[in-house]
Amino acid sequence: MAGKQYGLILPKKESLKPRLSVFGEESDEGEDGTDWVQKALKREAERSVQKKQTQLDIKRALEQDETVFQYDEVFGEMTKKKEEAQKVKKAEAQKSRYIPALMQHAERRKREHERRTERQLQKDREAEGDEFKDKESFVTSSYRKKVEEFAKMDAEDHHQEKIEELMDVTKQKDMSAFYNSLYKQTIEPETTLISEDKMKVKIDKTDKKSKEKSLDKKSRQYRKRKNSTTSGSSSSSEDEHSPIKPNTEKNPPATPKVNIWEKRTVGNVFEEALRRYFERKSAKSMKI
């Protein structure tokens with residue numbers, strides 16, 4: 001009965017935990033100090049494990065490629081290549097678009113001038129006649145090469161003049177050039193396809209003929225062997241072994257050539273068309 005209490009029972013006050021010292025005087029006492037040491041040791045062990053793993057990774061990478069960590073050298077090569085590409089691009093941009101063509105025209109004019117002077121000298125020699133006939137003349141290899149170049153230029157000019165004359169619209173008498181170009185653009189591709197098909201058919205026919213010849217040759221050899229072994233066989237029995245195959249191949253029907261230059265609306269065709277036109281016209285007038 002002495003331990004029992006009656007009346008209002010108040011709860012006990014919670015005991016306050018002692019505050020830790022600012023300077024860590026009591027850090028080595030209690031559970032908090034031991035936890036801190038364990039955490040520090042754990043972190044140190046994790047760091048050592050990570051360090052070993054990185055060293056192993058570095059070793060493996062170096063075994064695969066020795067230049068894997070040469071960042072400065074690779075970056076230097078990259079910048080060098082980039083600078084060289086920029087220099088080339090800059091040089092191409094600075095190069096003129098029209099200067100090469102102007103240089104070619106200037107070279108051609110120079111050759112034409114030399115050719116004119118050569119022609120003038122040739123005319124002077126012809127005018128002199130036989131005055132210097134007894135004198136020796138020397139022709140060097142460079143002069144011979146120059147004469148060949150002049151002849152080549154003359155041939156090119158003559159060819160260019162012919163092309164210009166053919167393409168000149170003012171010198172054409174009729175529309176034949178227009179129809180010729182139209183024919184080449186529309187009809188010639190079809191004719192080329194037809195010719196290719198004909199070539200394929202011819203090749204197939206030649207293959208068939210060669211096979212038939214080889215079979216006929218084999219049958220003849222067979223007949224010869226039989227004649228050598230057995231005597232007194234008649235020619236009719238030989239023919240039975242090699243039956244003659246009827247020629248079932250038929251030549252393809254020849255397609256009539258269409259002349260595109262021929263005018264078709266003449267004669268009976270024109271009269272029939274005119275008659276149909278008047279019939280349609282009269283039918284329309286009757287309906288009205």
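One-based numbering along the chain as shown.
Note: Cβ is positioned from N, Cα and C throughout, glycine not excepted.
Long-range contacts of the compositional bias 'Basic and acidic residues' (114-137) within the same chain: residues 146-147, 150, 153, each at least 6 residues beyond the stretch ends and with a Cβ under 8 Å from a Cβ of the stretch. Summarising the annotation, TrEMBL assigns compositional bias 'Basic and acidic residues' to 114-137 (among others).
Feature annotation from TrEMBL assigns compositional bias 'Basic and acidic residues' to 203-219 (among others).
The annotation domain 'Nuclear speckle splicing regulatory protein 1 N-terminal' is assigned in TrEMBL to 56-172. Here the domain 'Nuclear speckle splicing regulatory protein 1 N-terminal' (56-172) is broken down by DSSP into helix, strand and coil counts: 90 helix, 0 strand, 27 coil.
The annotation region 'Disordered' is assigned in TrEMBL to 89-138 (among others).
The region 'Disordered' annotation in TrEMBL covers 203-262 (among others).
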